[in-house]
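The structure appears right after this line, and notes come after that.
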Amino acid sequence: MGNSCYNIVATLLLVLNFERTRSLQDPCSNCPAGTFCDNNRNQICSPCPPNSFSSAGGQRTCDICRQCKGVFRTRKECSSTSNAECDCTPGFHCLGAGCSMCEQDCKQGQELTKKGCKDCCFGTFNDQKRGICRPWTNCSLDGKSVLVNGTKERDVVCGPSPADLSPGASSVTPPAPAREPGHSPQIISFFLALTSTALLFLLFFLTLRFSVVKRGRKKLLYIFKQPFMRPVQTTQEEDGCSCRFPEEEEGGCEL
């Protein structure tokens, strides 16, 4: 018992003596984090200059702080004991340790290529804003059937195969495909009625205009012919004129 205690005490003394000797041989080991051992000042611990840091003690130099620029934004400012932390601006996501790179986000149903975001090919899907397009699940490999068809944003939904369904059980049918955007029958009927009304109104207007123009033309023709019409004398006027003679001829009759 006494020997074991003696051995423990001796070991502790050796460790303490080793640390003391090491500190005497390398005074830079006493420099804490946030400082560096300045050889130009007789190995005195000097604080790290601005925009630099030392995360561990005993460093002879300080590391340059990271600058968050471009697609990066600062999540944590740099201090004398820790580096700055960056993340990506909206529309991008981090890649690598410590967010060393930023990658563009894509919409669901797309994947990022060298030329930018591209829609997933038929038979593949991507339900996230990052990553690659993955193939639809092959339901037949598991002896199942497709209940809901897959899209570029969603995987297929598998269900029991038709052989597994009992005769009295109701089969599940896939949902009806979404109708392509277009005109509803009500809107088409409305436009047809509106077009028919407009055509009838136009036909009535043209007929009325043609009638008015025709009447006006006859009246104008009559007015134009009035100055050129010769007045016709009555029978009494012609008889009265035939009975009158000049005075000289009347005088010559008295013989």
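Here the Cβ of each residue, glycine as well, is placed from N, Cα and C on the backbone.
What Swiss-Prot lists as disulfide bond is C28-C37, C31-C45, C48-C62, C65-C78, C68-C86, C88-C94, C99-C106, C102-C117, C121-C133, C139-C158. Swiss-Prot lists 24-45 with the feature repeat 'TNFR-Cys 1'. Residues or ranges marked as repeat 'TNFR-Cys 3' by Swiss-Prot: 87-118. Residues or ranges marked as topological domain 'Extracellular' by Swiss-Prot: 24-186.
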Within 10 Å of C86 (disulfide bond), Cα to Cα, which of the disulfide-bonded residues C28, C62, C65, C117, C158 are there?
none
When secondary structure is assigned with DSSP, how many helix, strand and coil residues does the repeat 'TNFR-Cys 3' (87-118) contain?
0 helix, 17 strand, 15 coil
Tell me whether C45 (disulfide bond) sits in a helix, a strand or coil according to DSSP.
strand
Out of C28, C31, C65, C68, C106, which of these disulfide-bonded residues is nearest C117 (disulfide bond) by C-alpha distance?
C106
What is the nearest of the disulfide-bonded residues C88, C133, C158 to C99 (disulfide bond), using the Cα of each?
C88
